[in-house]
Amino acid sequence: MNINPNNIDLIISAVQEAQYPDTGLSEVALSGRSNVGKSSFINSMIGRKNMARTSQQPGKTQTLNFFNIDDQLIFVDVPGYGYAKVSKSQREKFGKMIEEYLTKRESLKLVIQLVDLRHNPTEDDVLMYNYLKHFDIPTLVICTKEDKIAKGKIQKHIKNIKEKLDLDPDDTIISYSSIQNTKQQQIWDLIANYL
């Protein structure tokens, strides 16, 4: 899959089903805990610096952000989970919005769950992965921040994450660095398999 970085647009930031765009394109949702590097991942995959806004402030994304990727697919940036400073009522509101999207959206073909390669998956990571599996949602696990781990230890960290998530044999796990950006084509090819 080849992407023209000059043909990428944020279509809408939605908070309810009535606002979801009707594009006829397959959708790939990006999920992960706050500050796992979702925005950096999106920007590096599409070859743009600031398409998805990165933030030092966790819990910043509070909407479903729909990006048209070169009229080939839609990336949907989902609010990060597991950020304690978001109020309980806000968390419940996000949870309902995300659940509605993940379980009812027919154009959703894949969820990319991002986890931090440096750490064990959090309880929220495990809950999210189990949730996706419960609803039979195809999932690609991408371990971010690969550049922060010594090359010789990457496979050990991946194995650990696989075990902690109890990864489904049908799901793929891959490590990635938004800074080094060396596996971009490999990930596009994996995504294309689901569209």
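Any Cβ shown, glycine's included, is placed from N, Cα and C.
Annotated features, as they stand in Swiss-Prot:
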BINDING   32-39, 59-63, 77-80, 144-147, 176-178  GTP binding site
BINDING   SER39, THR61  Mg(2+) binding site
DOMAIN    24-195  domain 'EngB-type G'
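The number of other CB atoms found within 10 A of the CB of GLY32 (GTP binding site), across every protein chain shown, is 25. Note on the domain 'EngB-type G' (24-195): its mean pLDDT in the predicted model is 86. Spacing of TYR176 (GTP binding site) relative to SER39 (Mg(2+) binding site) is 13 Å (Cα to Cα, whole number).
PRO79 (GTP binding site) and SER39 (Mg(2+) binding site) have their C-alpha atoms 11 Å apart, to the nearest angstrom. Cβ-based neighbour count (10 Å, all protein chains) for LYS38 (GTP binding site) stands at 27. For SER39 (Mg(2+) binding site), the count of additional Cβ atoms within 10 Å of its Cβ stands at 22 [all protein chains shown].
Looking at GLY32 (GTP binding site) and SER39 (Mg(2+) binding site), their Cα atoms lie 11 Å from each other. Between the CA atoms of SER39 (Mg(2+) binding site) and LYS145 (GTP binding site) there is a gap of 13 Å, rounded to the nearest whole number.
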